[in-house]
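Record features, source TrEMBL:
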- ASP71: active site, proton acceptor (ACT_SITE)
- THR9, THR10, ASN11, LYS12, GLY13, LYS14, SER72, PHE154, GLY155, TYR156, ASP157, LYS177, HIS182, ARG183: substrate binding site (BINDING)
- ASP71: Mg(2+) binding site (BINDING)
Amino acid sequence: MATDIIIATTNKGKIKEFKQLFEGNERVIKSLLDYPHIMDIPEDGHTFHENAAIKAETLAGILNCTVIADDSGLEVDALNGAPGIYSARYAGEQKNDAANIEKLLKELEGTPEEKRTARFVCVIAVAQPGEETIYFKGQFDGIITSQPQGEKGFGYDPIFYIPELGQTAAEISSNEKNARSHRGKAIQELLKYKNLFNL
Ligand SMILES: O=P(O)(O)OP(=O)(O)OP(=O)(O)OC[C@H]1O[C@@H](n2cnc3c(O)ncnc32)[C@H](O)[C@@H]1O
Ligand SMILES: [Mg+2]
């Protein structure tokens, strides 16, 4: 019987996307929400790679099996790459998407459209007990709008405009997002090399 795929995340938006990205794989996707007794894993690294490794390696150590983690965020050029690795907690520890968006739009007030370029970054770490952690990365380019548009997705999606589609990431379907997103690209890479690890 195929084993489960375990992802060290509590983010419901990510979990939904991972379930779709692994569809057809006939594997059960489990997350930290299925292990409520495991406490929050502190993300005190300085890069996406470090934080992804901390999450994946901590849970792999506890469960003694292969674990995937995603550390991701939004880099805005006019803010020198902020909020970056601090994207989830940009407006405070409560990790509130609406408050994060409001803070970002305020920081960008008066910044013209041509200077509102940004990208989502996703680093996926695959940790296996007793093995070196392996990484996969994906990027997604866009422009920060001046107000939220759309109800789909999560996080900063309502203010992330995709020029070639003429819509924000919160207006397109999850299939359209997965086909071009930072997370979708990182998972496509992972699937190419999945024979390398016990997944
Ligand atoms: O650490 P886990 O438990 O996985 O959940 P998290 O939400 O804290 O995840 P991160 O530490 O990786 O922070 C990522 C943040 O970046 C933003 N983000 C990442 N991917 C996104 C996406 O596809 N769409 C919109 N926002 C995204 C969003 O605010 C996330 O909370
Ligand atoms: Mg986090």
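Cβ coordinates are placed from backbone N, Cα and C, and glycine is handled just like the others.
Note: TrEMBL annotation is automatic and uncurated.
The structure, with features from TrEMBL marked on it.
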{"residue": "THR9", "record": "substrate binding site", "contacts (Cβ under 8 Å, 6+ apart)": "ILE15, PHE18, SER31, LEU32, LYS55, ALA69, ASP70"}
{"residue": "ASN11", "record": "substrate binding site", "contacts (Cβ under 8 Å, 6+ apart)": "ALA88, PHE154"}
{"residue": "GLY13", "record": "substrate binding site", "contacts (Cβ under 8 Å, 6+ apart)": "GLY153, PHE154, GLY155"}
{"residue": "ASP71", "record": "active site, proton acceptor", "contacts (Cβ under 8 Å, 6+ apart)": "GLU43, GLY45, PHE48, HIS49, ASN51, ALA52, LYS55, ILE85, CYS122, VAL123, ALA125"}
{"residue": "SER72", "record": "substrate binding site", "contacts (Cβ under 8 Å, 6+ apart)": "LYS14, PHE48, SER87, PHE120, VAL121, CYS122, VAL123, HIS182, ARG183"}
{"residue": "ASP157", "record": "substrate binding site", "contacts (Cβ under 8 Å, 6+ apart)": "GLY150, THR168, ALA169, ALA170, LYS177"}
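There are 22 other Cβ atoms within 10 Å of the Cβ belonging to GLY155 (substrate binding site). HIS182 (substrate binding site) counts 23 other C-beta atoms within 10 Å of its own C-beta, drawing on all protein chains shown. Secondary structure from DSSP puts ASP157 (substrate binding site) in a helix.
Look at the residue listed as 'active site, proton acceptor': DSSP puts it in a strand. HIS182 (substrate binding site) carries a helical DSSP state (H, G or I). For the binding site of substrate, formed by THR9, THR10, ASN11, LYS12, GLY13, LYS14, SER72, PHE154, GLY155, TYR156, ASP157, LYS177, HIS182, ARG183 according to the record, the largest Cα to Cα distance is 20 Å, rounded to a whole number.
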